[in-house]
Amino acid sequence: MDDPPNREEEKEESSPVVGVSLCDSAPLLWRAEDLRAVRSQGLVGALLGSLARTPRQNSRLGRPLLLLPEEERLLTERHAAAAAPPGSKAGGAELRQQVEQYEEEQQRSYEEQSVLALEDRKSALCRAMTVSHKDPGGGTADEALQGRLEALDQSFTFPRSGMAVQLSTARAGLSYCPEARAFLQADWLMRKQDDPCGGARYQVFIDLRGRGFYLTSAGKFGGDFLVYPGDPLRFHAHFIAVCVSLDESVCLLDVLAIARLGSNVKKTVLLCSPGADGGVAYTSLQWSGMV
């Protein structure tokens, strides 16, 4: 591959600061403007959340956006990502207050629905008693229904599993409450990347992004990255990038397996070997059949 001008460095000066929420070790983006900002920089990530209007499907997903470790590290080095430090007292107190408010609203809704459910049950028994009055032989049944109606106030319990819960579909997500997410606007430092095994992957990621390619995870294809010539919404991946060091020995059977897999999915396997000088050596593999 020839070395084209690095277009990523041109955007580095004007990169907006995005708010990253860390769920355990997973970097997540929640705000729509943050998703647009990283996408404009060629960072794709993977959507994880369900859509509020169609929650029982997984063909179309929504926020949050899970970033690759390399994408998070790139944003950190550009000073284009901010996150609240773990254990922030201000954020924790605000979060606890929101949780308590939510639990109070849920309890109030449960009590209101319990009263309505009890009235509905009484109305059903009254209707059944009205029908039994019209039946000449329904005296015994009428007495049983009357006993159930009198004991209903003491014996009726409304299960919480039957409670109706309101889903916010008109304004789904967290973008409608900027005051609750304002802490993400601060210029806090992101966590440090201490994984030594990710250095080779990150070097390959930076080099391919500098060449204008888009990258996503290639775990289901047995590689490190899927490499797209443009936006993944418009293009299919052309390469499966596998990161190996220059001095690493690779089993021949593994080479054959990944080459055949690439052929089956109509992609070229790209062996990416970072060098000590910062460059990356690329070797393409294509399966041509048994001799």
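The backbone N, Cα and C atoms fix where each Cβ goes, and this holds for glycine too.
TrEMBL labels come from automatic prediction, so no person has curated them.
On a predicted model such as this, the values are computed, not experimentally measured, just so you know.
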Where TrEMBL places region 'Disordered' among the ranges 79-106, 107-134, 191-218: 79-106
Active-site residues: H236, K267 - member with fewest neighbouring CB atoms within 10 Å: H236
Cα-to-Cα gap, Y228 (active site) vs K267 (active site), nearest whole Å: 10
Cβ neighbours of Y228 (active site) where a neighbour is any other Cβ within 10 Å: 21
